[in-house]
Amino acid sequence: MQTSPDMFINRELSWLRFNSRVLDQCSKNLPLLEKLKFIAIYCTNLDEFYMIRVAGLKQLFSAGVNASSSDEMTPLQQLKAIRKYLHQEKELLEHYFNEITSELEKENLFIKHYENLDENLKQKCDEYFFSNIFPVIVPIAVDATHPFPHLNNLSFSLAVKIFDKAHPELVKFGMIRIPRVLPRFYEVSANIYVPIESIVHQHAEEIFPGYKLLASAAFRVTRNADMVIEEEEADDFMMILEQGLKLRRKGAFVRLQIQKDADEQIVEFLNTHMKIFHKDVYEYSILLNLPSLWQIAGNKNFTHLLSPLYTPKTLPPFDENLSIFDAVEKEDILIIQPFESFDPVYKFIKEASKDPEVISIRMTLYRVEKNSNIVQALIDAASDGKQVTVMVELKARFDEENNLHWAKALENAGAHVIYGITGFKVHAKVSQVIRKQGDKLKFYMHLSTGNYNASSAKIYTDVSYFTSKAEFARDTTSFFHILSGFSKNRRLQTLSMSPNQIKEKILEMIRIETSKKNKGVIVAKMNSLVDSDIIQALYEASMEGVKIDLIIRGICCLKPDEEYSKNIRVRSIIGKYLEHARVFYFKHSEPNYFISSADWMPRNLERRLELMTPIYDERSKAKLAQFLRLQLSDNVLAYELKNNGEYEKIPSSEKTIDSQQTLEEYVSKIYKTLKKDTDQSRATHLASKLFKEN
């Protein structure tokens, strides 16, 4: 099949539409503070998009690159389309923010500027300024002897226009840098938040004594945050990375956010020094630095304005009183997070660190929380003399510094730490424990779609798989040998790994379904679909009658509902949990269910070490089947992709199905039922039965 550029949706525009779906949660019947969270998430996402994707397009344009995507849009065309899209959507963001804050006021929760406070609260703000703000803020003069300062990425400041009271004709410009150690809002009372810049503005003349304030404007800068590291030339990769992190702070300016109706001379002053293209200047009639809205959303006095808190459940065959290794030795176990608890994953490593029969623990780490119990368990194991091998991916974007910290801590404890593979990121999520049983060695494995991160495990949907099967032991051992040693053979037998096998295996399974024509079925759930070869193979399958359902949270470059894709349906699910699992079903393959750390993107399939895991266990396959069925039935959180690249909400029928809420209810029902049943084998059977029935 010959493809053409018009058969693909532009990657960057597809991502923008994903983020629009995040913002669209503000239009739904959600608790107010949940809506505020979605605004924070939307703005955080946009920050990263500008730091990496827009910055990259600017570099391509500067280098004279004409085409950089499957749809053959040039970097300049993409930049123009992005700016147009975001300037239009800015008005929608402002609308939702004003609407939500207005509704919050009806609930007696306020964001108020200094000038709108009563005298008592103003006095409290004044006291807070002198005790907490004044000692740490940085007043900056800009003139012939004071050059324009370095502004960190995403730094928040107040630009000022002032004049000398003794010489009113001498207008000067400067700024007040607001350090990140200060909270975004001052909680002046239990229900009133004052933006920090509002207090600083009020006291600007005390910050610049002897000067009169003419105007001020809050602004925020975004820099290019991508890092290019010459790994092949690095003798000490950790040192090179630390240098790269320092250079990142000095990346080129790519965006300026500033309050609307700012003094024209202030805007000109900033533009002159930052040299930001005028279309990358965004003026807001609402507050800036909205990722910090989490501070308000976390107010303990207004939990009634949040969704009810769900507690993940641990289901059989896992049991508090049973060794996790005994459970895994009896059968393969699959859990779906965060509906089922992440605790067994932690217990897997914790128990291994304490078990005297365990001689080796191996693990990959990509994104780890700052206070990680899992990494602490690895440190304890290494300190006790166990052989601990940890692949810490130092190139995990925006987690580099945290990963550096843990890599050093593990190394100091005696663990063998691998920093990565030259030219690749290691994105696979896998751990292996080896125990002595008499004169034999027994292997236990955990493979996952998500990170070893207890914090994200509460808000990401992911799939974890525990097994002690020999074929998985063989392949995980080979995988860790590839990571720690030299190997030209990067192929496994049961597992598939990228960059050599996963794409090849996926294309092979698509071809099998294509050969079955209208009896073929493919269901694939992932974060993003970009790879043009896989998209072309799906088009060919569709034209042969294969029924294809794709559940893609984010980027999708495939165009559904065309002559060549009339049998392909694409949906995206956006809810309170971030859909992060990658689950694939190919009806006529054997096995036919897979989980993976990899999306169907060139970066995952060609430039990362990833794993795709076949699922053989019938109970686990039944769970995955139910999981996919629920998501394909969702008419509350789901959006459907149209052939013009736009997404439409799935029309609700009389029976509404929220796949995330339904799974919460299913697992809670199972848990409640099982609490009454003390027979372990019967309880496990009941858990499986309930998953199938529901």
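Even glycines carry a Cβ here, placed using N, Cα and C.
DSSP assigns R553 (ATP binding site) to coil in the three-state reduction, outside any helix or strand. When Cβ atoms from all protein chains are considered, those within 10 Å of R553 (ATP binding site) total 22, not counting its own. The ATP binding site feature in Swiss-Prot is assigned to N45, Y460, R553, H580; the stated evidence is sequence analysis.
The Mg(2+) binding site annotation in Swiss-Prot covers R367, R397. DSSP classifies R367 (Mg(2+) binding site) as coil under the three-state reduction.
Per Swiss-Prot, the feature active site, phosphohistidine intermediate maps to H427; the stated evidence is sequence analysis. Over all protein chains present, the Cβ of H427 (active site, phosphohistidine intermediate) has 23 other Cβ atoms lying within 10 Å.
A 10 Å cutoff on Cβ-Cβ distances gives R397 (Mg(2+) binding site) a total of 14 other Cβ atoms nearby, all chains included. Following the DSSP three-state reduction, the secondary structure of H427 (active site, phosphohistidine intermediate) is coil.
Apart from N45, Y460, R553, H580, the residues listed for ATP, the same chain places the Cβ atoms of N527, G554, L578, E579 within 8 Å of the centroid of those Cβ atoms. Put simply, of the recorded positions R367, R397, H427, the one whose Cα is nearest the Cα of N45 (ATP binding site) is R397. Put simply, R397 (Mg(2+) binding site) is 18 Å from Y460 (ATP binding site) when counted between their Cα atoms. Residue environment of N45 (ATP binding site) contains 18 other Cβ atoms, counted within 10 Å of its Cβ in all protein chains.
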